[in-house]
Protein chains: 4
Amino acid sequence: MKLYRPTEECGIFGIYGHPEAANLTYLGLYALQHRGQEACGIVSSDGRSLHVHRSMGLVADVFGDQGIFRNLPGEAAIGHVRYSTTGDSVTKNVQPIKVDYSRGSIAVAHNGNLVNAQMVKDELEAWGSIFQTTMDTEVILHLLATSKQNALEDRIAEALGRLKGAYCLLFLTETRMVAARDPQGFRPLCLGKLGDGWVVASESCALDLIEAEFVREIEPGEVVVITKDGITSHFPLKKDEAAPCIFEFVYFARPDSYIFGKNVYMVRKDFGRQLAREHQVDADIVIPVPDSGVPAALGYAQEAGLPFELGLIRNHYIGRTFIEPQQSIRHFGVKIKLNPVREILEGKRVVVIDDSIVRGTTSRKIVKMVRNAGAKEVHVRISSPPTSYPCYYGIDTPTRKELISSSHTIEEIRRYITADSLGYLSEEGLLQAVGAGKNPYCKACFSGNYPITFPTLAAAPQLDLF
Amino acid sequence: MKLYRPTEECGIFGIYGHPEAANLTYLGLYALQHRGQEACGIVSSDGRSLHVHRSMGLVADVFGDQGIFRNLPGEAAIGHVRYSTTGDSVTKNVQPIKVDYSRGSIAVAHNGNLVNAQMVKDELEAWGSIFQTTMDTEVILHLLATSKQNALEDRIAEALGRLKGAYCLLFLTETRMVAARDPQGFRPLCLGKLGDGWVVASESCALDLIEAEFVREIEPGEVVVITKDGITSHFPLKKDEAAPCIFEFVYFARPDSYIFGKNVYMVRKDFGRQLAREHQVDADIVIPVPDSGVPAALGYAQEAGLPFELGLIRNHYIGRTFIEPQQSIRHFGVKIKLNPVREILEGKRVVVIDDSIVRGTTSRKIVKMVRNAGAKEVHVRISSPPTSYPCYYGIDTPTRKELISSSHTIEEIRRYITADSLGYLSEEGLLQAVGAGKNPYCKACFSGNYPITFPTLAAAPQLDLF
Amino acid sequence: MKLYRPTEECGIFGIYGHPEAANLTYLGLYALQHRGQEACGIVSSDGRSLHVHRSMGLVADVFGDQGIFRNLPGEAAIGHVRYSTTGDSVTKNVQPIKVDYSRGSIAVAHNGNLVNAQMVKDELEAWGSIFQTTMDTEVILHLLATSKQNALEDRIAEALGRLKGAYCLLFLTETRMVAARDPQGFRPLCLGKLGDGWVVASESCALDLIEAEFVREIEPGEVVVITKDGITSHFPLKKDEAAPCIFEFVYFARPDSYIFGKNVYMVRKDFGRQLAREHQVDADIVIPVPDSGVPAALGYAQEAGLPFELGLIRNHYIGRTFIEPQQSIRHFGVKIKLNPVREILEGKRVVVIDDSIVRGTTSRKIVKMVRNAGAKEVHVRISSPPTSYPCYYGIDTPTRKELISSSHTIEEIRRYITADSLGYLSEEGLLQAVGAGKNPYCKACFSGNYPITFPTLAAAPQLDLF
Amino acid sequence: MKLYRPTEECGIFGIYGHPEAANLTYLGLYALQHRGQEACGIVSSDGRSLHVHRSMGLVADVFGDQGIFRNLPGEAAIGHVRYSTTGDSVTKNVQPIKVDYSRGSIAVAHNGNLVNAQMVKDELEAWGSIFQTTMDTEVILHLLATSKQNALEDRIAEALGRLKGAYCLLFLTETRMVAARDPQGFRPLCLGKLGDGWVVASESCALDLIEAEFVREIEPGEVVVITKDGITSHFPLKKDEAAPCIFEFVYFARPDSYIFGKNVYMVRKDFGRQLAREHQVDADIVIPVPDSGVPAALGYAQEAGLPFELGLIRNHYIGRTFIEPQQSIRHFGVKIKLNPVREILEGKRVVVIDDSIVRGTTSRKIVKMVRNAGAKEVHVRISSPPTSYPCYYGIDTPTRKELISSSHTIEEIRRYITADSLGYLSEEGLLQAVGAGKNPYCKACFSGNYPITFPTLAAAPQLDLF
């Protein structure tokens, strides 16, 4: 049995009420490109019908031709960027999905992952539905089409009531745009305004680019309906305890974004400060693993009173293919991306800051690289707790077997990556830095405590199939 | 309301029980390329799941990479070529369509056109189905998925029972291939054998290429189920009067194919002979409009005792785009394809044989071209009756407004195309040449007598939307 | 030492004095596409400078974008199509070549092959010239640049005086177009008129397409200079015995072209007639190997009083790549291009007409194909004498080793291709059919008598390196 | 008259004596991609002949296919990356250039710009040379080919003796690699060792990537000849005063490279420190314009005792095309690349560090962006003196008219960019920071004192044509 490939690591954007809706959606996706580099798409509405352009590739490549926008007319549009989690990169899995149903046409863009998708799919198939993609998102449209409700928002509410998992959704019909966020608010979603038009985006950096005004975040469990008569807010779903994904702060979101009530850069700096308090070390300089480790490294350096330096230089021209020499025993993996600056590192006791360790292989190469460049000591500090459990709510993590910290002690990891010392930010430190009250974040990847349990044992094999 | 774009002018091919199923399907599609140059696709089964590769483009381009076949494993495969009828050439409308439903996966390839697709779609949508393409073929899969029958063949039979129109279908599941032809047998479909494997193709020329043995034609109303245990034949549908499309003989099929019990080349020659009997003229030579008019011209020449010559030379390197000079008043349309041979035509009374006249503009250019090359007289002979009515069963014809013979007398057409004389093959002559008994062919395009009427008045607007 | 790759099998076209010069050149190349399908290019002049667009690919693909013509402004242009003789298809070998030299810019397009190119290149290199391509054509530009003459036509005359071999050349400078044909006139070249502009083309079919008037052929040894003041003709080279390539008639030129004073189609028909007189056989039908064998087959059939039929149907959608099944023992080579019509061939004694036999492998497959389709006897007739010697003047022929008739008797060839009988047109019959006096054609490929001998023994190895 | 397009902003790489020469060259070009993103190429030698692959595009795209390296065999290779200075991006101007001449084949890759190229070209053309590109590099090969010397190094020396300007050159013949640097050493070039093989590269970061050992810099005026017998060093040219380009430190080279005896990152940090000493200001934070301003900003912050923050976040997914909304008055230029972090900037007095101001438009947008994000004061500090004069030695700078500092005072520029204060690093400070003695750097772009004057007044128009 083929299981769903989770719709992981995506970004969504929508705009309603602007004469250049599709072009601005393209810009919004541009700003959200870090949330998904594999594929992208836009659906626009001209008030009478929906228009689609979707393809594998980066936003700048897929939409790099002015002519495309002539085929995406109208004053409303939604868009989607998707990350490649597996080799199964079939074009038909590109979003937004657009379908015809009894009330006309509707398109949807989804960021997140439904945990009961297979179960709902089984029910729908038993009833007679056919599925043309392997995306859990398709389930949502089937539920919406088979709803007995009349009003669009009631159909959406009924469909969402059947779903379990993480979702930020953008729907577009001929005349309406609807945004929805799951009751626990795993993924970020914000609302903005541009002239008379409304904008919805995964992160505020997309509003910034098009110079839209940030209005507020869409709340967990909220459904926002936008028509030409304005905007209405609904809370049709059962309330639940909020569980925003703390990994958005650690790694995924852009530092200039404002999500879950905070600026990402500032939170990362505070992670670094807290890390410095928890894992002090006698050292000469602090360097980040660029680019994700930079804010935490600045925080660490400031707190520890050590100089911050860019000891590893990143090559910005990495292509999507990389042809390695065939006969060489060398493996270029990390070297092609990073190069150490000997003059900074030579003879120094170096603190290297990274946001996480997954398999440990990259960290090991970086430690060796820094040491070969002359560092006397290499102390690795990680601005998050050990990642021991896979995510089922929209972050692409490997299986437990591949997560080094799920099977090794910190000392074992330190020895593997050949660091002189290794320190992870504690879970308490993390929460304290983010200013959390007692339990408002999903930190299942650290703790294994999943806020949403899987509906049946039958779904268990899925856990290992990501 | 968006109406269905008819799935017109297609070719289908399938093979079951051969280790190189996908590669042979590619070859089969190659041989059927004349039935559709816009897009193509193959779905293969490895016994456990289905694999898809589809794209806009010619077969040789879409499958021009050996690596593709590694991604199409298995001993069974079906394929499809499609002709572009409109500018709406969206990738998602490429066939075969593959879906998941309650019993697993199924793919379908369709040649023909359903006349009650919109009505069935409306019912399905009312019931809760969603539609992801604008192809009438998708309706078939929905019907199959919502059937309450258990066995695949019963589901297919129930689905087909709901359909009206022209269809040759190939279904592929993980373990079975099913071929079906509508009760009136509008489109050709034949069965072949290659070693232990079975082959199904729109035309026998596809069997020839892969050196499969021609077994027989699939009969009107027949459903053939092929499994690893062998082949079974079913006739689940109400019998109807056969109505094979006579235009396949006139124009569409390849001359080396054997369809509807006859060889196409021979039938075309007989059209030419009969045409000579009906429309004799004092002339010096007979020339065809290449390539479609060649067999009829040979027949005409033999019957009339006149020399056959290739007075018009075809350029075989026509690309899909053609950039015309901007400032010129010349229009290169036909000239880019055909060039007359002055030495053949000069001073001669020339009979020009073509298979049909659609708008008349091409014929007009050809007559002028032949006359400019020195012909003393130009007599146009058409190896079919005037085409006055559009086809709704799978041939791409323009609307009535564009069909010159729907609004002009033969004498008016003659004047328009500037020929010295013009003769069409009579309907009786056509039927006699094809050896038909009283009524066994669909000749709606000539007579306007449609063998299947449209289900409701509501569908009427569709007639003008082709 | 790297030897020159001969510039074989090309077509050239030029126009002077037309506001859409580049676009008409594109059309002219379109008509000449059969002379070279590998690469093409156009150079235009706007009166002040030259503009270039060249690439690998068919004319329709390389110039399939209106925007390209905006970058090829001006009222004069020359173009070139080239055939791929080897795998060494480097972009830089695409013509026309454009260079800067002391008098400004000049471009050249060349059809033919210089036999003393290596010797002249050696001299030029010794003198200090550098070569950026492996085309013999580059030698011509070096000679022109190093000439001490003042006037362009004198420089060209001096350069041509150094060359031995076959050439039709088109030069373009900022203000002039010059056409030149070698003293023996191996390759065809004709002059036309379009409004006030002048046109030069390898074959008259290119004039026909743009509706230019055929004026006359450019004569062997003639240099035609076209400026805004009109056209002048020069004969600066030593006269020599004419030796037009008879293979242009046999195979290479388009049947609708008029070259060497005759229409190609008519000559081919006469080859067929003569072949019938020389090699009569009791048979039922005559079929051509399409498309090249069609006129000769018509001639044969008319002379022999036998019916002409299209017993082999050609697939017109052959792509440039063809993926064969891996595990099959079948080899699809010819089958992918041709399919027999059983109904025509069954039980018949068949005469198959082809224009030539090169390696014999294709003929062998065709004979088997015809016999498998039911033919009782298969008699092969070839409308030219055995091709036993390679061409050094612009036709792409294999080395002697590969030419079956260079090492086998006709009876041995007959046995190899499994024909019931085999007949070649005699050399005398060929010349008689073409209406030649005693010696006016180059027929080195049949006789081994090369009209131009190679300059030194040193060049001998070149003979085997084609 | 068409003037030379200067071969500006390039990177070169070569390796001799390694079985994967071409693949390592590809890696070296990867590391040098920042020196030219428009086009690239590699020429390899297998000991008998040279092999070429060149194209427009990034290294990762042009060489993103393992198969290419099978066509680049041999143990020696040179490569080139080129920056697009104008729209005239013709393929034929891609380097390395490979030619045949009297001694065999030779290829060359060039970084720099010859100031007497037009004059030498005129002489060569008068003598009879033809030019197939518009690159000044082609002149070098002509000189080499026309030299009367016997040994390759003597020919090269004679050719170099004729050249004026900036050049780092890599030559490759069938059996040798030669590196040459102009007597004033404008551009960097270094020598490395990998196993038994020798490596030459524009910057040391390319050695780092392939894990080659840095041996030393190639000296101004030095010619290094590498054969299978080893390496020899020659100084055939008249000595001149060294004039390495200080702008390599300011902006062009990668921070992890070691050039002109120093590490670039460290020099940039010292520029920042010196800038802090020269232009102190009461402020709260220091932010760089990423990525080029980062090291100087770190130096400034450390010297000034102010916190360093990443107040502007760079989008790393900028594509090569960017489709702006058509109807909007907004211009997205800088916004698409940079986004401010409000939480860092709000209420702060901000020092913004950039490496240079060219037209002023980007600085103006950045100042406004920072101020809109809430900054109370915006103080711009530039880590180099005002750039008032164009470069003729290999850096792509606009004409004087476009350089804002060539026509405006610092106060005028400050007002234009709307900064609260503006400070440039002084020329003395720059030289002091770089540890220069009295005059060892070319700083013509600041001072207008060009170390090499143009050969004739005739060349003057070139100055404005860049």
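Each residue, glycine too, has its Cβ placed from N, Cα and C.
Within A:Ser292, A:Ser406, A:Ser407, A:Ser421, the residue that TrEMBL lists together with A:Asp354, A:Asp355 for binding Mg(2+) is A:Ser292.
Taking CA atoms as the reference points, A:Cys245 ([4Fe-4S] cluster binding site) and A:Cys10 (active site, nucleophile) are 14 Å apart. DSSP gives A:Cys10 (active site, nucleophile) a strand state. Separation of the C-alpha atoms of A:Cys10 (active site, nucleophile) and A:Cys391 ([4Fe-4S] cluster binding site): 14 Å, rounded to the nearest whole number. Across the domain 'Glutamine amidotransferase type-2' (A:10-229), mean pLDDT in this model comes to 92.
Spatially, by CA atoms, the binding-site residues A:Cys391, A:Cys442, A:Cys445 include one closest to A:Asp355 (Mg(2+) binding site), and that is A:Cys445. Comparing Cβ neighbour counts within 10 Å across the binding-site residues A:Cys391, A:Cys442, the minimum falls on A:Cys391. Neighbour density at the Cβ, taken as the number of other Cβ atoms within 10 Å, is lowest among the recorded positions A:Cys10, A:Cys245, A:Ser292 for A:Ser292. Within 10 Å of A:Asp354 (Mg(2+) binding site), as judged by C-alpha distances, no binding-site residues are found among A:Cys391, A:Cys442, A:Cys445. Apart from A:Ser292, A:Asp354, A:Asp355, the residues listed for Mg(2+), the same chain places the Cβ atoms of A:Val250, A:Tyr251, A:Pro288, A:Val289, A:Gly293, A:Ala296, A:Ile353, A:Ser356, A:Ile382, A:Ser383 within 8 Å of the centroid of those Cβ atoms. Secondary structure at A:Cys445 ([4Fe-4S] cluster binding site), as computed by DSSP, is helix.
Calculated from their C-alpha atoms, the gap between A:Ser292 (Mg(2+) binding site) and A:Cys442 ([4Fe-4S] cluster binding site) amounts to 21 Å. Neighbour counts were taken at the CB atom with a 10 A radius for the binding-site residues A:Asp354, A:Asp355; the maximum falls on A:Asp355. In sequence order, A:Phe186, A:Ile246, A:Phe247, A:Tyr393, A:Gly394, A:Ile395, A:Lys443, A:Ala444 are the same-chain residues whose CB sits within 8 A of the CB centroid of A:Cys245, A:Cys391, A:Cys442, A:Cys445, the residues recorded for [4Fe-4S] cluster being left out. Annotation note: A:Asp355 (Mg(2+) binding site) sits in a coil segment as assigned by DSSP. Counting every protein chain shown, 25 other Cβ atoms lie within 10 Å of the Cβ of A:Cys445 ([4Fe-4S] cluster binding site).
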